Amino acid sequence: MNGLVRTVLGDVEPSAVGALDYHEHLFHASPLLPGEDLADEEAATAECASFLASGFAGLIEATPFGLGRRPEALARIAEATGAAVVASTGRHRDAHYRDSAVDDLDLAALFVRELSEGIAADDADPDGRRASRPGGEPVRAGQVKIGIDYWRISAPERTAIAAAGVAHRETGAPVMVHTERASAVFELLGLLAAEGVAASRVAIAHADRNPDPGLHSEIAATGAHLGYDGAARLRDWPESVLLDCLAAVVEAGHGDRVLVGGDVARASSWRSLGGMPGVAYLGERYVPRMRRRIGDAAVDRILIENPARYLAWSRG
């Protein structure tokens with residue numbers, strides 16, 4: 001599979017992916033977000049369709065194991081809308097799990113199986129039937145998603161890091177890591193490197209929750225990808241702060257390390273469920289501001305070239 005991108009509808013050449021949102025959730029349920037579950041396939045299909053109409057071709061569905069994934073529904077949405085959808089295996093940071101049973105799993109075996117054979121059809125039954133399409137084709141994950149806390153990497157999170165390393169070494173799949181305001185990134189990258197995962201195969205999610213271009217340039221210099229996904233959910237500063245940070249990182253020569261996503265992971269944020277701003281906010285509102293600030297060539301690189309390179313399976 002070396003060099004290809006694994007979507008829920010099969011493997012494709014990186015050049016076939018198009019403009020891609022590196023971080024979304026079409027199905028998601030967490031005790032940290034009571035009342036905000038994303039579980040409505042019809043609403044998810046509508047949200048995805050409006051997202052595509054905003055100028056994107058695909059997305060990474062970043063929900064890991066145990067948090068309400070519906071892989072067969074993802075495949076149906078991809079078929080219905082034409083979206084390139086990359087699903088995730090993995091284990092989030094501790095706070096998302098109230099049931100300690102997840103810590104009893106062989107995470108490495110789970111990750112490898114979901115990448116190579118198919119995602120568990122029922123997120124509550126990791127050893128059960130594999131997800132498939134009507135014709136019997138497997139619905140497989142295309143990346144590993146793990147998470148760490150704010151300036152803390154717990155023992156279970158370290159176990160997940162080691163399991164991600166096993167999965168990467170066996171498959172070449174990339175690794176996305178949820179971080180809290182980009183804290184402990186260098187410690188994280190050191191742990192992954194010890195497991196055989198090069199920084200260039202890693203995406204640091206939520207880097208722009210700490211919009212420090214100096215820090216981001218240091219992270220990018222390691223080869224890691226910077227995940228910018230905060231534009232649709234700002235509270236602490238105006239959107240211009242994110243654009244300033246992005247422009248500074250691009251001007252410093254690190255535009256090839258930037259990924260952009262929406263992370264609109266709440267039911268109250270979906271237009272199809274009566275909320276706002278909707279998954280389409282990224283394409284409708286933020287990307288035009290990016291283009292005005294850093295130019296079309298830089299934006300096309302960020303939306304097309306960078307995610308294609310990140311998602312293409314390769315060991316490193």
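From the backbone N, Cα and C atoms, a Cβ is placed for every residue, glycine too.
What TrEMBL says about a protein is an automatic prediction, not a curated fact.
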Using only what TrEMBL says about Zn(2+) 1 binding by H23, H25, K145, identify which of D256, D263, D296 is listed for that site too.
D263
Where TrEMBL shows K145, H178 binding Zn(2+) 2, which of H168, H206 is named for the same site?
H206
Given the Zn(2+) 1 site H23, H25, K145, D263, its other Cβ neighbours within 8 Å of the Cβ centroid, in chain order, are E24, I60, E61, A62, T63, M176, H178, A205, D229, G261, A265
Residues near the Zn(2+) 2 site, K145, H178, H206 excluded, by Cβ within 8 Å of the Cβ center?
H23, A62, H92, R93, I146, G147, M176, V177, T179, A205, G227
Measuring Cα to Cα, how many Å separate H178 (Zn(2+) 2 binding site) from D263 (Zn(2+) 1 binding site)?
11
Within 10 A of the CB of H206 (Zn(2+) 2 binding site), the number of other CB atoms across every chain shown is 22
